[in-house]
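Trainee: Okay, so TrEMBL annotates it like this:
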DOMAIN    29-165  domain 'Fido'
ACT_SITE  108  active site
BINDING   112, 113, 114, 115, 116, 117, 118, 119, 144, 145  ATP binding site
């Protein structure tokens, strides 16, 4: 029953994100927003503590991290919002979303729903920049927690890479849905084949595909694209050059 209620609350929190973005894509994260998200997440399972910072200390089972004393939470959350405002333009969107995710989990401001709140705040940042929701699968949970533990020690790269891979997986799912099946079979080939017919190396085409600059989709571990997609990329690049020369 609790799983059902949590799923219901998570669905409502996700809808809140969509509404938040629809009203203003430039809206920044605030303490009010974070508390509102957590409130929706635990509304059916912990009504009394919904939207409230914890007033007691907690231990995280299976983690070496001990969250800060509850008396420190208001100041830590205020510092987090200041950090976001001062650093949101210094990092790539995926890096920023991953770091904020970790900082929220590290502070552990609530009695319940901290991980889910952090993941939704992370996805807000990604969605504001046009990315799909980053999905963290059950099979990846150990890697997720291991990467968080490393971030606790100041080693952020493993966690950033983990989130980037989650975003990439979501993008691949979207691309497979959006790209017509017959188009895949008839015109799309591995980059190793396409590179031999273009002025670009396989490595460069891979970079274009991963960054979304080249229409492509991933099948298992291989990126596939078409000559038409490469030609379109070349045309777009030449057009941008002409505009910059004016």
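Each residue's number is its place along the chain shown, starting with 1.
Every residue, even glycine, has its Cβ placed from backbone N, Cα and C.
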Trainee: If I restrict to non-local contacts, at least six residues apart, and a C-beta distance under 8 angstroms, what lies near residue 118 (ATP binding site) in its own chain?
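Mentor: In sequence order, 100, 101, 102, 104, 105 meet the Cβ cut-off.
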Trainee: Under the DSSP assignment, what numbers of helix, strand and coil residues are found in the domain 'Fido' (29-165)?
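Mentor: The breakdown for the domain 'Fido' (29-165) reads 87 helix, 0 strand, 50 coil.
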Trainee: Widest Cα span across the ATP binders 112, 113, 114, 115, 116, 117, 118, 119, 144, 145, in Å?
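Mentor: Taking every pair among 112, 113, 114, 115, 116, 117, 118, 119, 144, 145, the longest Cα gap is 19 Å.
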Trainee: Non-local Cβ contacts of residue 112 (ATP binding site) (under 8 Å, 6 or more apart, same chain)?
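Mentor: Listed in sequence order, they are 42, 45, 46, 49.
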